[in-house]
């Protein structure tokens, strides 16, 4: 929930979210705010609002650390930043290995990302070792297509299968095939950008439509006297998708929690299904990793 949010606002947002009732906090090494998140959670533990075992924290292995021997050290770095003994869920952030080094986004002289060549199965074995060591409770993946998931699932001597696949998922990119595949493998689909693609000019075509301005969502929002955002999130919950809601204002954090007070009809769900455009997530525009078109 704290991606691309100033550290000071992130810390306060996490405290507010816990006060409101949220227990799942989604973070990542690349967001560079794990110290702030850790402080916020520890404060709410100290004041008696929650216990550590009631918090479900998700961390992510960044792409410059796919080399197997780098997996545990960077996880331990996150644990130190958070001041946690363990992370509840640790996932591979993307299937795209990047050149190892100090740069989070290593680029060449033309400003193009420098990719690395690392066997995802070897990375997964290092993730399994972290689970065996008790550093993480569960392990999963993010931004994987079905072929990459199958590569892990079919890996010889697989100890633990991915518990989830976290992907961009919203009514304009509803990931129907991926959802069906994950359900068939008992893998949870987790939706980020559930309110539409982020608008980062580096990755996203600025001419793409704004989901929350969609007439269908707004008509349903008026029908139920709710916001288009709540309608979009409720749609996902009723499909069996876990929703990540990103916000750092108390009003939006409180409003998003009202998603459980809404129930969409079958007709509503079909209307939202019809909005799918299979919009390609911009940052995965890489020839080796087709994503939305073939799931």
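Cβ from N, Cα, C; glycine included.
Here TrEMBL flags 31 as active site, proton donor. Positions annotated as substrate binding site by TrEMBL: 93. Taken from TrEMBL, the feature domain 'NADP-dependent oxidoreductase' applies to 4-276. What TrEMBL records for 60 is site 'Lowers pKa of active site Tyr'.
Long-range Cβ neighbours of residue 60 (site 'Lowers pKa of active site Tyr') (same chain, at least 6 residues apart, Cβ-Cβ under 8 Å): 27, 28, 29, 30, 90, 91, 92, 93, 142. The domain 'NADP-dependent oxidoreductase' (4-276) scores a mean pLDDT of 95 in the predicted structure.
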